[in-house]
Amino acid sequence: MTRITVAGAAGRMGNAIIRAIMHDGGGALVAGLEAPGHRSAGKSLAEVCGVADAPGLVFDDIAQAMAQSDVLIDFTSPTASIANLGWCAEAGKACVIGTTGLDLSHDQILRALAAKTPVVFAPNMSVGMNLMFKLVGQIAQVLGPNYALEVMEAHHDQKKDAPSGTAVRLLKELCAARGWDYDAVCQHGRCGMVGARPQDQIGVAVIRGGDIVGDHTVFFIGQGERIELTHRAHSRDTFAGGAVRAALWLHGKPAGLYDMQDVLGLK
Ligand SMILES: NC(=O)C1=CN([C@@H]2O[C@H](COP(=O)(O)OP(=O)(O)OC[C@H]3O[C@@H](n4cnc5c(N)ncnc54)[C@H](OP(=O)(O)O)[C@@H]3O)[C@@H](O)[C@H]2O)C=CC1
Ligand SMILES: O=C(O)C1=N[C@H](C(=O)O)C[C@H](O)C1
């Protein structure tokens, strides 16, 4: 049985992942991890997550949190995820990372560390969105260059990064399909006398508010018609189930960087 520690255990995704491990079965919950000195350190996971039957404690030290674990599931912050992965790489422990908002330097470090230990890194762990990652490039190719591409995402008011990691990935899939450079074509918002829309542009709109779990729409806009492909997450349980599935899949795999397309067999 794959033994799992959850980093960011007291957070929104940490809670959902702990519920998924406890109620969906398949893995064994060992411990939670929070930052050094965190208010939850030393408390039971049951208390911190409100899951009555959850075993284990929340630690603020990764060595203690991982002592009995095979895999770390980490939905925290970019700096925390990279630091936690650094520890896992040295200790030879597998790591599933769902954190978004990583910059280029985080990305480079992550790739170097994944050469030492198995890592699943994905901005969205839901089955539906991973299918959408595959479809958007195909649709863009079939429709051709006369269809404008635009991306819109909406999330809750506590989200720190924008655009979402999922939107960034959708944009990269669209750019790959068109042979475009991401930084050159992505237009983040429009304001003022922006002029006519160039053909080689992808507009990106970001909405924040309330308790929206995560909505993403890709628009394919032609003359006389348009396609809007939308994914709406109804609950964080869809991401949490994917993260646990990834942890079970990853345990025992060779060192390397994998994503949910590997886990779901969509490659
Ligand atoms: N890939 C996917 O499918 C999904 C990805 N995400 C991403 O996951 C990340 C977390 O989202 P969410 O759960 O909503 O955020 P939260 O802020 O609710 O949770 C993050 C948790 O990580 C904790 N944390 C911070 N630093 C450390 C550290 N060094 N070690 C351990 N824990 C730490 C935070 O503690 P505190 O706040 O008390 O400092 C908090 O409890 C975001 O990047 C989000 O975009 C979200 C949903 C799905
Ligand atoms: O922060 C969130 O909540 C989410 N983050 C991920 C992202 O940035 O794409 C995935 C999901 O949309 C929820």
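Don't overthink the numbers, they just go from 1 along the chain as shown.
Cβ coordinates come from backbone N, Cα and C, glycine included.
Copied over from TrEMBL, here are the features:
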type	residues	note
ACT_SITE	His155	active site, proton donor/acceptor
BINDING	Gly8, Ala9, Ala10, Gly11, Arg12, Met13, Glu34, Gly98, Thr99, Thr100, Ala122, Pro123, Asn124, Met125	NAD(+) binding site
BINDING	Arg39	NADP(+) binding site
BINDING	His156, Gly165, Thr166	(S)-2,3,4,5-tetrahydrodipicolinate binding site
DOMAIN	3-125	domain 'Dihydrodipicolinate reductase N-terminal'
DOMAIN	128-264	domain 'Dihydrodipicolinate reductase C-terminal'
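Shown here: features listed in TrEMBL, placed on the structure.
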{"residue": "Ala10", "record": "NAD(+) binding site", "DSSP class": "coil"}
{"residue": "Glu34", "record": "NAD(+) binding site", "DSSP class": "coil"}
{"residue": "Arg39", "record": "NADP(+) binding site", "DSSP class": "coil"}
{"residue": "Thr99", "record": "NAD(+) binding site", "DSSP class": "coil"}
{"residue": "Ala122", "record": "NAD(+) binding site", "DSSP class": "coil"}
{"residue": "His155", "record": "active site, proton donor/acceptor", "DSSP class": "strand"}
{"residue": "Gly165", "record": "(S)-2,3,4,5-tetrahydrodipicolinate binding site", "DSSP class": "helix"}
Which binding-site residues of Arg12, Arg39, Thr99, Asn124 contact ligand 1 in the sense of C-beta under 6 Å?
Arg12, Thr99, Asn124
Under a threshold of 6 Å between Cβ and any atom of ligand 2, which of the binding-site residues Thr99, Asn124, Gly165 are retained?
Asn124, Gly165
So what sits near Thr99 (NAD(+) binding site) in its own chain, CB-to-CB under 8 Å and at least six residues off in sequence?
Asp74, Phe75, Thr76, Ser77, Pro78, Ala80, Ser81
Where the record names Gly8, Ala9, Ala10, Gly11, Arg12, Met13, Glu34, Gly98, Thr99, Thr100, Ala122, Pro123, Asn124, Met125 as binding NAD(+), the maximum Cα to Cα distance in Å:
22
If you measure C-alpha to C-alpha, which of Ala10, Arg12, Glu34, Arg39, Ala122, His155 (recorded positions) come within 10 angstroms of Thr166 ((S)-2,3,4,5-tetrahydrodipicolinate binding site)?
Ala122
Show which residues of the chain containing Ala10 (NAD(+) binding site), separated from it by at least 6 in sequence, have their CB under 8 Å from its CB.
Gly32, Glu34, His38, Ser40, Val48, Cys49, Val58
For each of the recorded positions (Arg12, Arg39, His155, His156), count the other CB atoms lying within 10 A of its CB, then report the residue with the highest count.
His155
Roughly where does the domain 'Dihydrodipicolinate reductase C-terminal' (128-264) sit in mean pLDDT, to the nearest integer?
98
Select one residue from Gly8, Gly165: among these binding-site residues, choose the one with the most other Cβ atoms within 10 Å of its Cβ.
Gly8
Which recorded positions from the set Arg39, His155, His156, Gly165 come within 10 angstroms of Ala122 (NAD(+) binding site), judged by C-alpha positions?
Gly165
Taking only the Cα atoms, work out how far Arg12 (NAD(+) binding site) lies from His156 ((S)-2,3,4,5-tetrahydrodipicolinate binding site), in Å, as a whole number.
11
